[in-house]
Amino acid sequence: MKIEMKKITKSFGANRVLEGVDFTVESGEVHALMGENGAGKSTLMNILTGLYQANSGEILVDGQPTTYSGPMEAEQHGISFIHQEMNNFLEMSVVDNMFLNKELRTKFGLMDNKAMREQAAHYLSLLGAKLDVEQPIGNLSVGRQQMVEIAKSLMTDAKIIIMDEPTAALTETEIDQLFGVVRRLKEKGVGFIYISHRMEEIFEIADKVTVMRDGLSITEYATKDVTMKQLVKDMVGREIDDFYPDRTPDHGPVAMEVKGLTENGVFKDVSFTVHQGEILGFSGLMGAGRTEIMRAIFGIDKYQSGEILLDGKPVKIRDPQDAIRHNIGFLTENRKDEGLILEDSLHDNIVLPSIDGFVKHGLVDDKATDEFVRMLMKRLTVKAMGPDVSAGSLSGGNQQKVVLAKWIGSGSKVLILDEPTRGVDVGAKREIYDLMNELTDRHVAIIMISSDLPEVLGMSDRIAVVYEGKITGILDGKTATQESIMTLATGGVEEHAGAI
C-alpha cells in the first residue's frame, strides 16, 4: 500500500491549521513525522483516517483518489491509528477489548467466545506476547497494552499503522520489545507512521522523517542522511546551537536533606541532599522507585521511617498542604490527572496553591490574582489567548509551563520536577530548561526525575541513581556518562559514584 497526501489544507473557523501539506508513506517502511506541538501532525493523521475532512488537497491510496468517512472505514481499508491515550476499558478483559464492536458469532448468532480467545491469543503470539487474554486489560503494563493495540491492528489486516508517541510511558525493556515488533512487521510489509518527539528513537527505528512546522511540511529526509541538529532547526525554524543551555551553578547551603526514608517494599534507606541553586537529577529504570520517593517527600504517600530536613531543621510533612506550607512544589509526571484541573481556567490553576495569600477580610482579591497570573504567564511565555481559557485547551508544553507557573508563584524553594519535558516539543523543552536555570539562579533547589538520559546528563549538577528502591550512587554531572548511569541503574557498581 502506498499513501500520498498532496497539498492538504484544513481550517477550523478562521484558524488555518494545515497549509498545503505533502506526506507519503509505503508498506514496509517506518516514516517518522516530527514537529512541535501545534505543528499539525495530529490534524493531518485525523484527515488521513477520516475523522476530519480536508478543505482542499487529495489523498491517493495506491494511486486512486480516496477519502474515508471515519476511522472505522479507514481501518477496514488497512489503516490503523494507535493513539497516545489508549481508549481501553480497563475493567474488561483483553479479548473483550480486542473484539469490542467486532464480536465473532456462531452460525446461531451466539457470541463465539472460544474463537475470539483463540484469535486474540494468535495475534498476540505473532508479536511474541504470551498473555492470559481473559484477564482485565487494566492488569497489564502500558507496554503490554500497546502490544494489544498492535494485535488489534493486525486483526483488521492493517497495512499502515499510525503510532502517536508510542514510547511516552514505556520502560527501556518495553521500548526494545516494541521496536523489535515494529522491525518484524516491517519485514512482513507493514508500514508505520511514527509520531515522536524523541530524537534518538527516530534515528533508531525510522527509515524516513518528515518535519512539520506551523501547518507546513518543511522537509523530508532519509534518516541516514540527516543530523539531529538539522531536524531541530527544521522544527523550530532556527538553530539551537546548544540543546541544553550552559549552567554556571552557584550552590548555596543545603536546602533539603532526606535521611533514611523507608517504605517497606517500595524504597529503603533513601538519603540525599540538594543544595540551593542545584539541579539534582534522579535517574533509574521505570519502576525503580524514583516517583514513589518524591510522592512520599511531598506528602502524597506515607512512609514508615526516615527524616526530612529543610534548611537544617526537621519537618513533618503529612500531606501536600504541609509540603506547600514548607515551600516545596511538585510537578507530577501525569500533569493531566494530577498537575492540572483541565476544565478550569489557567487563572484558577495557577493561583490555586497561593490563594490564601490573596484573601482579605474573607474575600479573594480578584484584581491582585489577575495581575499575579498575567505576570507569571508573561514570565514563562505561556502561549494562550488569556488567563480565562481552560488548561485543557493548551499544548503539552504550555500545560507544563502552567504547572511550573503554579509552583513558582507559590514561592517554592524546593521544586520537584517529575519528567518535566515528557510529551513536550523540542522548542518548549529548551524554554523549560532555560526556566530551570533561571530558578536555580534565584537559589531554588530543583530535583529532576527524568527517563531521558541525555536530558539528565545535560541538565544535572549531580545525578542520583535509583535501583530497586535504593540510591546506588550519586554521580558528578560533569563526568557522568550514559554507561555509568546504566551501570548503577541495573544494580552494578560504579567506581566514580560519589558521596550522598
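Every residue number used here counts from 1 along the chain in the order it is shown.
Quick reminder: no glycine exception, Cβ is built from N, Cα and C everywhere.
Here is what Swiss-Prot says about this protein:
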- Gly35, Glu36, Asn37, Gly38, Ala39, Gly40, Lys41, Ser42: ATP binding site (BINDING)
- 3-239: domain 'ABC transporter 1' (DOMAIN)
- 246-493: domain 'ABC transporter 2' (DOMAIN)
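Positions of the features from Swiss-Prot, shown on the structure.
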| residue | record | contacts (Cβ under 8 Å, 6+ apart) |
| --- | --- | --- |
| Gly35 | ATP binding site | Lys41, Val211, Met212, Arg213, Met235, Asp425 |
| Glu36 | ATP binding site | Arg213, Met235, Val236, Gly397, Asp425, Val426, Gly427, Ala428 |
| Asn37 | ATP binding site | Ser395, Gly396, Gly397, Asn398, Val424, Asp425, Ala428 |
| Gly38 | ATP binding site | Ser395, Asp425 |
| Ala39 | ATP binding site | Met212, Arg213, Asp214, Gly215, Met235, Asp425 |
| Gly40 | ATP binding site | Lys10, Val17, Leu18, Val21, Met212, Asp214, Gly215, Leu216 |
| Ser42 | ATP binding site | Asp164, Ile195 |
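Taking the centre of the Cβ atoms of Gly35, Glu36, Asn37, Gly38, Ala39, Gly40, Lys41, Ser42 as the ATP site, the nearby residues of that chain (Cβ within 8 Å, site residues left out) are Met212, Asp425. Confidence in the domain 'ABC transporter 2' (246-493), given as mean pLDDT, stands at 90.
Look at Gly38 (ATP binding site): DSSP puts it in coil.
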